[in-house]
Structures are given as structure tokens and as C-alpha cells.
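These features come from TrEMBL:
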type: TRANSMEM; residues: 12-30; note: transmembrane segment
type: TRANSMEM; residues: 325-347; note: transmembrane segment
type: TRANSMEM; residues: 353-375; note: transmembrane segment
type: TRANSMEM; residues: 382-404; note: transmembrane segment
type: TRANSMEM; residues: 424-445; note: transmembrane segment
type: TRANSMEM; residues: 452-475; note: transmembrane segment
type: TRANSMEM; residues: 523-545; note: transmembrane segment
type: TRANSMEM; residues: 869-886; note: transmembrane segment
type: TRANSMEM; residues: 892-912; note: transmembrane segment
type: TRANSMEM; residues: 924-943; note: transmembrane segment
type: TRANSMEM; residues: 963-983; note: transmembrane segment
type: TRANSMEM; residues: 995-1021; note: transmembrane segment
């Protein structure tokens, strides 16, 4: 087949055109996203229990739901969260789970619970969708909050219908309601309760089909419609009569307002009231295509918006993807140019062109396969494509160099092409298979990091498979035509002639002398290599080179997450937010030199109340201030440096119990520090948490330490007095009247367009806000008499936790923290905590348990699967090489290059000041599949000369000389393809550079050492009589 394709006039070109056309046709369909989807399947069961405390929610809902689902198969973790007014059960499923079947099973089990409190709303059981934020649109207008919400809903509908954006939510508003606030004195005089008024409204606000009337000519529908849908219309409802017989309407005893339930649920954008349209994507959506549609939507709607209305994009997380895609594509082209230039130094221009032409063919063919296999273009798959540049060139260079060597022996072009390809065919195939063994072992990585990192081997295997086809079936034909035409080419440039002469002189004299010396002092050389390897390990063990599970992306968004003591008022939170915003504005002026002239570093400031990603609770004591910074490509500062300056400028504020400055988490792994403490006693849990926080805060570089269990608002506990039953009352009667008066009672719900509005009836907030008013609150008995609450019940004050978390049936508190990776290592801190502090705490609090989550757990899970897969891959490499070389020892010699590459990996990170990370380890494992190829080339030729009857000494010297150009070129092209990324100064390259450092420095180290270590190793084997001539197999 090789001979057929090399000599057929059109077959190779037709195959090449077919791959190019397929690849180009897939460019418009392949999905683009920041990272591959990595969330495991979850099922959530949520129940609303209005007004219930977290303890009541835990006892009444969480425990019962946990018991109900206990015993269902394929559940990896059960987590129940009890907060004021609701419970949320989250089931993390394993990979074997059938999500559809599990959803039905969980619904059945939850619905079978028959002892839930009667006040709960119906349970909602659903699969937790994986949605990734793309961008927000801030809508500001000089109008009322209800009108702003209505305008935002209209824009949401337009975006979904006309701009192909499916996941849009309106944020910044709580539930819309008409609030009916009753005058306490007036309803007392009427002898009515809040519930009575709510019932009156519900009975009189009716719209109901009432049958039909049939006549000989027509049929008529009867519809009763006494619906009141505005506050003015509601005011006319009759609620009673005065002693003089006149009617009393709702407006006489209440004020009705069109408002939203929570004052604290609001957003300020650049200081102005705002609505947010939050746009997200699901697993199948293309983030950049959505961003393009949103951009067009904002431009179109801004042009026709009413006066005073502005639309502005903010919280743009898609910019991270776009910036990195453009950076990767730019570096990719630079890498291809460098690879071509490297080739051109040793081959003719036409010859180099056809060798390099295999890159776009394999790339586009790979993109076609990716699109049809459901793979996406993301940061990690692009890294795989860039790695493939150098690796793909290995096969092409080996083939091209072999053809060139046969030409030098005087063979005709056609014979040289065929014989050259045929000679290296076994070596190239084994190199490909060993590479696939290594990368294939990485397809089964566990954990979130593993799900992201496995995109690299997926892409590499696809592209390398196509490059093998290109190298054997397309490249020989092009090289044959090229060589026929080169007979008439002009002589090579003078500097190339000089360069090649010097290269040949180095190969024939200097290299051979160095190999001779290494072979002579082989034991000393091997001892020196082992020493270098041990020193590299010492750099890690001594903490000189730190370990960070996953490098942070340098995004364009900085956040201040604020938590005040529960019970704090909205005005207190607003004062803290004002200070933080003022600090950001000050820094924006001070850091103006960090951006291009005429621009500001901070583009927009968003203040969102009742929102904090760290809190897992709600209330006026929470807020988040978000800054949109100018894109990384147009500023000179790292976002972490700005965040550190922001934190320092604010200093210590008295009011917040937690104030965390950070950028939103992107990518897999979770928080740098996440410790779960478990115990049945909430007080012991909280005390242990405070001890852990104190321990973590002593480390330099640790900040933002907090837990997720805080004391809630002060509560007034109402209990019946002994003998209260003599007044003909009971607990249910008193509780329901108190609930209706102070929490409110829903009289009705009306639908206006897409907006659902509830009519809530309650006491006037100002009149009901006094403790004395509560004590004097009249309880209406069965006979209509009114008795003050204080006569029937005692009022005591207490505080409970605002949130209770249960994991696998145990009460759990989670302690979080962030790390400045320049100063500290999360893995080192957690290891020290386990060694020093954990045992002390377990002794102090008997029954206490610890789990480690976040980056630590995911890195351990991914690392364990990577190590296991790597060992299996190494065995596959050993098996292939053992079969090829018919030996058990020679494969070991080839594989000695792998640990040598680790020397370069560690030294590279040390020199450039980077921490080792999971991408670094991924680079090292990937490197194993690359450096083995160089060793195979060398060992194959050593074995050839030994089989020809040469001594081992002569064989290793000859093989080193003969294969030096191929080994040198394969290493240089691999490094050249990644060199632009290694030298990239953009802030966008941070997450990619550890992997690139591993490969570039590792391949340089292994190449230098392999050229000398393999001859030394063969010489040592010969000392023990372990190198023998192979006899032909008798078949």
C-alpha cells in the first residue's frame, strides 16, 4: 500500500483533500467551551417549610428524607441542608447510576413519606442541571422596581425567541406581591384576625368558569369574573360592616403596595438600581456562539431602548475562553512556523514544506473526528493539539530523514522513498503504539480534574492516528515529487551550507568523542544521572518546588464577598458595601497606569445584596461587590495582585464576620482548603471549627478562612402557659394566628403575563415590630373573644444556627480557605494539619471525624488514577518493546528515558518559579510517550549493528552518530512547537504553562541524557554478558 500511494499520481492527494474538506466542514459545528463538562450527576429534593427554623427543618424534613432514600443503590454521597424555611437534599450519584431510573426512585421514596408537617409545600425532585454562566446583562432605568422587572421580563422573552439564547434568568428581585398591611387597632375593633381578612379577599377575588347555556342558534359559555388584579381594585373589597350599617372596605383598614417580598433582594450597577439578565449554557451549547448572540441583542435593544434605559454586559466569563482561544491559536501558528524553520535548516524548502504540510491535514481530520465524537474545543483540547505539533513531526522527520539517508547512498528517488519508509516502519509503528499506550492510560482519569485533563489524550490519540496515516500514505508521495523537482533547484544558501557542515563536524567528531568518554566512564556517568534524579526529588520534598493541585486562571472579575452577623439590617450591610465600593474606586484611580492610556482598570462595579457564593444562606446580612476589570490582554497587572491591594486598602472592618476578596472559581477542583468536621453535637462542631480556623490563620498566605455554620437571628420562643387550655385555645390556634399576622398569609395568586403575583396579608410592619405589641397581640378564641398573647403564653429569647448541614446522616461543618500560591501550598498545610492538629482535636472532641474535600480530595483522586493508569501504560510500552526487541532487558534500557525526563520537569518549574500541579504531572506522563520514541530510534540502530556482528562499543558509537540528527530534530520540533507558549507573557497562559514546562524542559533533559545514557547502559549490560546477537526466528 505504501508503494501504491507513493507512486499513484492522485491517490495521496485525494486522501489529503478528503481529510481537509471533512475538517473544514466541521469547524462550524464543533462546540467551544472553557473546560470540558466535569460535574457528576446529582439529584435534588427540595421542600419549602415557610417560617421554620433550621433545627425544625432538620428534624421534620432532613432526617425523614435521609431515611427514605437510605438503601437506594448508586448513591455516592447524601447531603441535606437545613436553612430557615426550607430543606434541600442532594444526592451525588456514581458513574453506574441511571439518572432517569434514579429520579423516579427518589421521587417515589420522597412522596411516600406521610409524616411531613402539614405547612410544607409539595416536594420538588429534579436532576441538577449542569449550567455554566456565560455573561450577564445589567439593565438600569429611572423607574420603579416593578416596572424594571416587567421590562427585564420582556427583554428575556425577546432574547429567547429571537436570539437563540435558551437559558436566561432575571435576577435582582424576590417574589412579586401585593402586600396588604393591616392596621392592628382597626382589625381588633372589628374582631377579625389576619386569616379572616385573607379569607375575605380570596372569596371575593374570583374568576371561575360556570358552565354554558345552549340555545337553538348558539352555545354560550358562562364565566364569573370578579377578579381584581391591581392594588386600586383590591382596595374596594368589602371586609366587614360598621355599627351604623355602612360597609368597611379593605382600603379603610389596610394599605396595599405593589412590591417585592424582600427589600434586600436588589442589585446596583455602577451605583444605579438594576435588573440582571443572567445568561448560561448547558452541556451542549457553544459559549462563544451564545456570547455573539448576546452582543447582537444588546446592540439591537440599546438602539431602541426608552430614554434613561441602558443595557450593559457584565460578569463576562466567556471572555476567558475567547482570550485563551485566540492566544492558543496565535501560539499554534507561531509553533508551526518554528517547526517549519527547524526543518528547513536541515532539509530543502520544498522538502520541509511537505513534511510540515502533514500538520493541517492531521489537525483538520482530528477536528472532524472530535465534532462527531462529541468532543469540544476548549483550553485543554487546544493544549493537546499544540502538543501534537511536535509529536506528529517525529514520525514525519524519521521517515524524511530515512529517505534522505537512502538518497545519500545513491538510490533512485522512487527506491529511496520506498526503502526509506519500509526501513523505519517497525520503529515508527512501535513508537506510535507506545505513545498510544501512555496517552490511552490517561483516558480513565477519575475526579473533576481528571475529567478536564483527559481531554488532552483524547485529542492527541485522534490526531496522532491521522498523522500516522498521513506519514505513511500521503507524505511519501509528496516527498517523491519534491525530490524529483529538487534536481533542478538552486544550491542551498551559504549560511545553511556552513550550518550543516558544522553540524556534521559536531556529529562526526565532538559527539563521538563524548560518547566514547561516557562509555569509558559509564559507571560514574550513571551515578551522576541517578544523583541528579535524587536532587530533583529533594527539591520537591524540601518545599523548594511547591505543589498546587490546579493553577488558577487569571480572569477579569474580582469579588468582595460580605457576611455580617445574621440579624443585621439592610442599612448596616449597605454601609459596608459603600466602603468597599469606595475602596475599589480609589484603587481604580491609583492603578490607572496599569492599563492603556485613556482607559480605566475597573470598568464596572456591581453590588448585589442577599447574595454570597460562600454563605449558602440568605438575608439582608449578605452582599457581594463584583468588579469587571479590563481584559487580561490590555492590562499589565495580575488580578491576584489587585485583589491583594483591595484587601489591604480595606483593612479590618468591625461589622462583617467574614469579608473574602477573590476571583470567581473557574475550572475543576473546588476550594484550595476545604475541611469537613462531623459530630452529632452542634456546639462541639462549632468549637472544633473555631479551633481549626485559628490553626489555619497562623499560616502566611492563607486568607478568607470561614465556616458554613453561623448563629442566626435572635428568636422569640412562644410556649403555652400551664392552664392556657381553660381559655378554649390550643397551640395550633395560637401558632396559626401568629404566623398569619407576622409572617403573612397568602390570600390569592394572580397571573399577569409571565408574572405571578401573590396577595399577602399581614399586620402593618411598623405596628407589629415592637415586642410589647407582640405581648399584647390579641388571640381570637373560638367564641370570638380576644385574649392578649402574654396571658396565654410565655415569650423567651434564644438563638439557633442559621444553617445545619448533614452529610451521610451526620451533622457536618465545612471550613474553607483560600491560598496565595506564592506564599503557601494547600497540600503542605493540609498534610501538616493531619499530622499536628487533627489528632489533638479528636482527643478534645471525642467522636469528631474529618474529611478533606475540594482541591485536596480531587487531586488525590485524580492523582491515584493517573498513577495507576501510568503503570498500566508503562507495562503496555514494555510489552510492545519486548516483542519488538525480543528481549526483557532492552525495553528497560529504552524506558530509562522516562525518569530522566522528570529531572527536566522539576528543574524547569524551579527555574521559572512555577509550582508543580496536576497539569504538570499530566505533562510528565505525556512526556513518557514522547521521550521513549527517541530511545527506540537509538536502540533500534544499536540492535541493528550488534546483529550485524559489531561489538557493543562500536555499535553504540555508530548508532549515536547515525541517529543523532533524527533524535535532535524530533526533540527540537517538539520543543519548537510549544516554545511560543513557554515564553508567552500573557496572563492568560498561567493554566497551560505548567504542562508546557514539563514537556519542553523534560524533553531537553531526556534528549541530552538519552544520547549518552543508553550507550552507557548498553556498555554496562555488555559487561555482564547480557547483550547478544539475535538469531533469525525459525517459523
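Note that Cβ sites are derived from N, Cα and C of the backbone, with glycine treated the same way.
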Other parts of the chain folded back onto the transmembrane segment (424-445), taken as Cβ under 8 Å at six or more residues beyond its ends: 2, 391, 394-395, 398-399, 402, 451, 453-454, 456-458, 460-461, 464-465, 468, 471-472, 862, 865-866, 869-870, 872-874, 876-877, 880-881, 884, 922, 925-926, 928-930, 932-933, 936-937, 940
Top partner of the transmembrane segment (12-30) among 382-404, 452-475, 523-545, 892-912, 924-943 - counted as Cβ pairs under 8 Å: 452-475
Same-chain residue ranges lying at least 6 outside the transmembrane segment (523-545) that approach it to Cβ under 8 Å: 825, 828, 899-900, 902-903, 905-907, 909-910, 915-916, 1009, 1012-1013, 1016-1017, 1020
Distant-in-sequence neighbours of the transmembrane segment (892-912), which means Cβ under 8 A and at least six residues beyond its ends: 529, 532-533, 536-537, 539-540, 544-545, 874, 877-878, 881, 920, 923-924, 927-928, 931-932, 934-936, 939, 993-994, 997-998, 1000-1006, 1009-1010, 1013-1014, 1017-1018, 1021
Residues of the parent chain within Cβ reach of the transmembrane segment (382-404), under 8 Å, 6 or more residues beyond its termini: 324-325, 328-329, 331-332, 335-336, 339, 343, 347, 351, 355-356, 358-359, 362-363, 366, 416-417, 420-421, 423-424, 427-428, 431-432, 435, 455-460, 463-464, 467-468, 470-472, 475-476, 479, 483, 926, 929-930, 933, 937, 965-966, 969-970, 973-978, 981, 992, 995-996, 999
Distal contacts, the transmembrane segment (924-943) - CB-CB under 8 A, six or more residues away: 387, 390-391, 394, 398, 426-427, 430-431, 434-439, 441-442, 456-457, 460, 866, 870, 873-874, 877, 881, 885, 890, 893-898, 900-902, 905, 952, 955-956, 958-960, 962-963, 966-967, 970-971, 974, 995, 998-999, 1002-1003, 1006-1007, 1010-1011, 1014-1015, 1018, 1030
Surrounding residues of the transmembrane segment (995-1021) on its own chain - C-beta under 8 Å, 6+ positions past either end: 383, 386-387, 456, 511, 514-515, 518-519, 522-523, 525-526, 529, 889, 893-894, 896-898, 900-905, 907-909, 911-912, 914, 919-924, 926-927, 930-931, 934-935, 938-939, 942, 952-953, 955-957, 959-960, 964, 967-968, 971, 974-975, 978-979, 981-982, 1027
